[in-house]
């Protein structure tokens, strides 16, 4: 017998896919997207996995919509490919028989002499055996990457999961699983545990999409996260064999990544190691503390929650209310709050001047310089403070309308305007006092804000004190549930109903403050809205009504081009409905907007 002869054993034939053409086309689309560096290749891969599991033949792409991960786009592509296939091969061309022929050819076993294909395959096998095996990338236990993978995986397992998480939400949820801080770097360094997310994206374990960023697991990341989760909770989903006979996960990094990981993690701040008991209710065997620092903090299908008695209601004061301008006047407010024994915290607020948060109570850890960072949920009350001179200035420069619009869009259900009338000071301003009073009334009647009038900073402090006491009593027996900014409720009635039922859904402070950033990266639609609101007479409701019909400047200009006459162009937007009363935008504003975007010379 020749020395190079290979004995071939029996091979169990794999079941053939009944839709080989669809499988072939999806594979081509996936490979093409991967070559171009497009993230859509993950979508095609999911569709391929679903198609392989489906045992029945499909007549067209429309029928494939019943499968998981098949949307309108993929079904339309398959139908187009199928029509092209029929045009090239005739309407009677076989669609479901190719796989059976391929299976017959693949099942034919060579006898005696080996074909060229077999020899080439043997050479490739020897080459692969001789090559050094590349180690699989697995993040170190309780590192930033490890915590992010586990958090995304456990979030996907929850009922009603969106399948993705925002950055602030992900940092908050992943912190108990990580020994390093996701937000505070070590002294003298700029790196945090969040630095490892770029490595996860580079290794194609995590996908970052949209703006604000959404993070989700790829198929490869899902497989790795499932393995890490089974190791963490001590429940194996599959046996992992090793030479020592132990069921372990290989936590060895690739050689090219070892230096990168060491450089990143060596510069991070050591934080408290909290147990992993949120998603499964199980304690980690490797937990160095033995008990949870946040035992009253639980997890629900919507996210984590704060139980009654596990949090404090704290007033948050914007940094601008304590610094700059008239320091004597601003310090007077702080001193009054201290005199009234109000628990408050001065911080940067991206919208509003005062709000309240429910801050989790945490126990200091012996040996740690800083106590663990408690979770915070924002209550549905936010206050914008206005002195008469400030109100006058904001009306002149246009900030007044913009501030009201941003307060409506911030996600909190009960905005309040706190107006300091300051005696007769309004009589000496550049805008008549009657105009200022009318602006205040419009804020209450038209915009639906609650308006509180006071005389000076001392009365403002008294009102803040009363509100703090009221909210402490209102929420003292409530279970507070964390919700995403995108899952805003229906308004004030829902909030009161939930409080009456001793539960309330609130936003995390980090997510709220990040979503209210004024100068963050904006979409074309948002920039268009801001442009419209600079026009005299265009409110937020009117701008939103225009955006419903024309979301960008380009779409509006295209609509103007389709008009047959100048008069028709000027009246294009006049019949657009806005607001609750569904009033028309009117010919005057319609003509002004047309002149702004279509007049080449100076406006008349």
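Quick reminder: no glycine exception, Cβ is built from N, Cα and C everywhere.
Annotated features in Swiss-Prot:
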type     : residues           : note
ACT_SITE : 318                : active site
ACT_SITE : 321                : active site
ACT_SITE : 353                : active site
BINDING  : 318, 321, 353, 384 : Mg(2+) 1 binding site
BINDING  : 321, 353, 384, 385 : Mg(2+) 2 binding site
COMPBIAS : 116-128            : compositional bias 'Basic and acidic residues'
COMPBIAS : 227-240            : compositional bias 'Basic and acidic residues'
COMPBIAS : 253-262            : compositional bias 'Acidic residues'
DOMAIN   : 314-423            : domain 'ERCC4'
REGION   : 93-138             : region 'Disordered'
REGION   : 138-254            : region 'Winged helix domain (WHD)'
REGION   : 227-248            : region 'Disordered'
REGION   : 253-272            : region 'Disordered'
REGION   : 524-598            : region 'Helix-hairpin-helix (2HhH)'
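Structure with Swiss-Prot features highlighted.
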residue : record                : DSSP (3 states)
318     : active site           : strand
353     : active site           : coil
384     : Mg(2+) 1 binding site : strand
Query raised in the report: Do you know which of the recorded positions 321, 384 has the most other C-beta atoms within 10 angstroms of its C-beta?
Result: 384
Query - Set of same-chain residues at least 6 away whose C-beta sits under 8 angstroms from residue 318 (active site) - result: 346, 347, 348, 349, 352, 353, 354
Requested in this report: Round to a whole number and give the Cα-to-Cα distance in Å for the pair residue 384 (Mg(2+) 1 binding site) and residue 321 (active site).
Outcome: 11
Report summary line: On average, residues of the region 'Helix-hairpin-helix (2HhH)' (524-598) score a pLDDT of 91
Query raised in the report: When you measure from the Cβ of residue 385 (Mg(2+) 2 binding site), which residues in the chain that are at least 6 apart have a Cβ under 8 Å away?
Result: 321, 353, 354, 418, 420, 460
Query raised in the report: Tell me, how many other CB atoms lie within 10 A of the CB of residue 353 (active site), whichever protein chain they belong to?
Result: 18
**Report entry** Other same-chain residues whose Cβ falls within 8 Å of the Cβ centroid of 318, 321, 353, 384, the recorded Mg(2+) 1 site, in sequence order
**Finding:** 317, 320, 349, 352, 354, 383, 385
Query raised in the report: With the Mg(2+) 2 site defined by 321, 353, 384, 385, which remaining residues of that chain have Cβ atoms positioned within 8 Å of the Cβ centroid?
Result: 318, 320, 352, 354, 383, 386, 418
Query raised in the report: What is the number of residues in the region 'Helix-hairpin-helix (2HhH)' (524-598) that are helix, strand and coil, as DSSP sees it?
Result: 47 helix, 4 strand, 24 coil
